[in-house]
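Right, one structure below, let's go through it.
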């Protein structure tokens, strides 16, 4: 009754929760949604007896203006993760290949396998960045899609413009490159590709961003993709009907129109991020988290949990979200306590 290959597909593991603990395991912001977004959600719920606008026309129009693209070059989905899955479904058939860095966003291989495609994971370099040369070398006649996570989750590293340009010279025009910029608003790298520019240089590049992180709408699930109109149309074709609810659309639109207020919050996170990097001796990061590679992540997570701090432990290292001043102070006090002995 059940597909036999599902037994081999890993289950997505969300960040851990503990009652009364400070949750730094899911790269969420600690701020509530912007006031305008809260008001928009309240208003939208009065129409919850009606289906949402399946085409999300008003939101897509605003995004098109924001991104400086045409209306048919942008779509929205139930978080950028859903759009990643739609991109796989739109490009891959049984036996096709999806290339991605590893470790990176852990849903990439899941989405590939669910679609019947073959996941091709390329290990990060020693400095925890994309090995773009190895990713290019892995391209075969079965490759249909390549994900680049910039900044990368969980390492927080970014690639340079020259690295991306060199990589794209090796990518066939019929292979789609998904430039996943879920942490775009936190990125302060001077030399790195930006999807809004790359989609005009390459017809096979699709940008992917979200309202879940910097915008503080993780609980409402809304993201957006932009680029080649033909690819966007194909992504819409495989989307779940009415996936982005009315409240999510309203909140995203209101948040998009409150950019100045949003960036004030983001700057606080960036400031605290740099302080955490210094205190923990972590490598520089361009996201709202720090990455501590190496063994012992589970042990570190257990010790911090004893002090009311929940982080994310991976086999390759520990990822710690950075939020606001109050939660950063709690983290640093806990860090000092476990290292005092």
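Any Cβ shown, glycine's included, is placed from N, Cα and C.
The Cβ neighbour count for residue 213 (N6-(pyridoxal phosphate)lysine), using a 10 Å radius and every protein chain shown, is 27. Look at residue 213 (N6-(pyridoxal phosphate)lysine): DSSP puts it in coil. Taken from Swiss-Prot, the feature N6-(pyridoxal phosphate)lysine applies to 213.
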